[in-house]
Amino acid sequence: MSQIHKHPIPAAIAEHALITPEKYQHYYQQSVQNPDEFWGEQGKIIDWIKPYKTVKNTSFDPGHVSIRWFEDGTLNLAANCLDRHLAERGDQTAIIWEGDDPNQSKTVTYKQLHHDVCQFANVLKSLGVKKGDVVAIYMPMVPEAAVAMLACARIGAVHSVIFGGFSPDAVAGRIIDSHSKLVITADEGIRAGRAIPLKKNVDEALKNPAITSIKNVVVFQRTGNASYWEDGRDVWWHDLIKEASADCPPEEMNAEDPLFILYTSGSTGKPKGVVHTTGGYLVYAALTFKYVFDYHPGDIYWCTADVGWVTGHSYLLYGPLACGAITLMFEGVPNYPGVNRLSQVVDKHKVNILYTAPTAIRALMAEGDKAIEGTKRDSLRIMGSVGEPINPEAWEWYYNKIGNSKCPIVDTWWQTETGGFMITPLPGATELKAGSATRPFFGVQPALVDNLGNPQEGVAEGNLVITDSWPGQARTLFGDHERFEQTYFSTFKGMYFSGDGARRDEDGYYWITGRVDDVLNVSGHRLGTAEIESALVAHPKIAEAAVVGVPHNIKGQAIYAYITLNHGEEPTPELYTEVRNWVRKEIGPLATPDILHWTDSLPKTRSGKIMRRILRKIATGDTSNLGDTSTLADPSVVEKLLEEKQSMQTPS
């Protein structure tokens with residue numbers, strides 16, 4: 001294929017890199033051959049109150065799945081992210097906050113953050129929150145969201161952060177499932193110039209009669225627009241901290257005490273409350289952050305993720321703060337008020353490391369050079385991609401345009417359930433190939449298996465499994481260990497099943513091919529939708545594409561492609577033929593789309609993932625039950641797609 005673009009390690013990166021190719025080989029071998037020795041040493045990246053003696057105690061055996069790391073050690077996460085830095089870098093910036101409005105920004109030092117966290121931890125105690133209680137956090141992207149999370153960790157409460165874009169029903173469901181005792185929210189959030197009615201959504205959610213555990217709602221004042229107020233239940237953040245002491249000793253926590261619950265949608269049923277514990281998670285978040293981003297003291301790091309997603313937990317807050325880093329928190333979106341906003345923020349704050357998602361990259365790519373207009377971006381040293389496989393064209397555009405053809409891209413594959421990076425390049429140790437997540441991180445043992453669980457050696461394609469545990473691994477699903485075993489360990493016995501497919505090339509590099517339910521079987525041949533989408537998006541007139549399979553009476557499945565064109569382009573019969581021939585040329589006749597569906601927008605969740613389940617149903621005409629659409633950023637897109645489908649004259 002024309003899309004395999006190799007990029008060597010730049011000399012400027014190699015010179016100062018924390019991990020070289022030789023070090024990677026050495027550490028990786030040690031980490032899989034002697035995990036106790038390797039992780040016993042690496043566990044020291046954080047401070048322990050009582051040091052651990054036992055490192056790894058894990059089992060993936062059917063019916064006995066149990067994951068424990070550093071289980072006899074004790075620590076406090078907030079002390080690791082704050083207190084231990086005060087002597088050396090108390091006056092250093094911990095968080096740079098950039099508002100939705102380009103004229104609003106501020107910095108918070110480690111000393112200030114420590115003070116605010118201690119105060120708010122005492123507020124939580126005064127409201128009756130105890131060690132082990134669950135606190136729901138439904139906040140905008142403001143430093144107070146970090147304060148709330150760290151304050152929970154300081155006193156041993158378990159936080160359940162709910163993304164600010166979720167509906168009242170979704171909020172209610174998460175509060176009920178987790179038995180949350182308290183809700184922390186804001187009057188409103190601000191995103192792309194629009195107000196998000198957070199408090200109103202909480203009020204609506206709390207009308208659910210099944211919610212009996214909530215005593216108080218703490219409200220942070222972001223805009224000053226809180227309409228409804230329930231005396232006795234609702235309390236202002238600013239009123240509470242006025243009275244609060246800034247002296248709050250950190251609670252001593254066992255390594256296996258729960259740190260947070262984070263809900264993630266399953267392919268079936270209600271969202272799953274993924275549980276991460278304190279010790280192994282923090283060791284893994286800190287170690288992966290340090291080495292994957294090749295973090296050097298003083299680097300300014302920007303992860304564009306919201307705190308409501310696992311990326312926001314591990315790589316906006318906990319990983320960076322545990323390492324004493326400077327982390328940038330952005331309230332806005334990459335293309336507001338202008339399409340060059342992301343580039344402007346990079347220049348304004350002299351960002352050295354940028355971590356964002358393919359969805360954002362593709363949206364900017366559709367704007368062409370306008371996305372970098374009037375900016376230099378010459379402070380950038382490392383860039384990263386997260387959330388879904390990045391197609392080689394978007395990778396190259398990101399590399400050449402945003403990164404001025406000099407920044408290695410760490411294309412990271414991982415999941416809510418893995419806690420941290422699993423397969424990823426290391427800037428000073430890995431030659432890059434556009435579109436490949438490359439190699440496993442230390443201690444991660446991936447394998448490819450066929451549908452019967454037989455290992456596929458060498459160059460192969462198959463289901464991506466992990467054969468042994470790692471410290472950042474989720475321990476269970478909240479209140480449902482049976483579902484945890486069923487979801488992740490029953491498909492392939494004795495292995496963690498990721499739900500993703502991958503192929504391994506001749507260099508041992510992994511290429512994620514998409515969810516396994518996004519695999520097409522055309523005339524007995526397996527085709528990953530990501531591969532076809534990649535070819536489509538490589539066409540100069542196409543901005544975005546999503547591919548699904550529809551039943552075909554001869555081939556088994558036909559290929560149905562939803563396509564969004566770049567601004568200014570119009571669909572024509574000529575373009576229809578041209579696009580089909582283009583894919584035929586890029587991948588081969590088998591991959592030629594049978595049906596093209598032109599559309600202005602695709603149904604996406606608020607985190608930017610394309611909702612393929614809905615696209616499959618629309619494509620097959622099965623619209624009787626589209627399932628839960630509450631997580632869609634814009635539900636009206638579905639109606640539009642249905643209308644388009646009805647009016648389509650598809651060539652047979």
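Cβ coordinates come from backbone N, Cα and C, glycine included.
What Swiss-Prot says about this protein:
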BINDING   Arg191, Ala192, Gly193, Arg194, Thr311, Asn335, Ser523, Arg584  CoA binding site
BINDING   Gly387, Glu388, Pro389, Asp411, Thr412, Trp413, Trp414, Gln415, Thr416, Asp500, Arg515, Arg526  ATP binding site
BINDING   Val537, His539, Ile542  Mg(2+) binding site
MOD_RES   Lys609  N6-acetyllysine
*Tell me, how many other CB atoms lie within 10 A of the CB of Arg194 (CoA binding site), whichever protein chain they belong to?*
10
*How big is the gap, in Å, between the Cα of His539 (Mg(2+) binding site) and that of Thr416 (ATP binding site), rounded to a whole number?*
32
_Please report the Cα separation of Arg191 (CoA binding site) and Arg515 (ATP binding site) in Å, rounded to an integer._
30
*Remaining residues near the recorded Mg(2+) site, that is with C-beta within 8 Å of the centroid of the site residues Val537, His539, Ile542*: Glu393, Ala535, Leu536, Ala538, Pro540, Lys541, Ala543, Glu544, Ala545, Ile563, Val579, Trp582
_Just to verify a number: CA distance, Pro389 (ATP binding site) to the residue listed as 'N6-acetyllysine', in angstrom, no decimals._
11
*What does DSSP assign Ala192 (CoA binding site), in three states?*
coil
*Would you count the other CB atoms within 10 A of the CB of Trp414 (ATP binding site), including those on all shown protein chains?*
25
*Ile542 (Mg(2+) binding site) versus binding-site residues Gly193, Arg194, Asn335, Trp414 - nearest by Cα*: Asn335
*asked:* Within a 10 Å radius around the Cβ, which one of these binding-site residues has the most neighbouring Cβ atoms: Thr311, Asn335, Thr416?
replied: Thr311
*Asn335 (CoA binding site) to Trp414 (ATP binding site) - Cα separation in whole Å*: 26
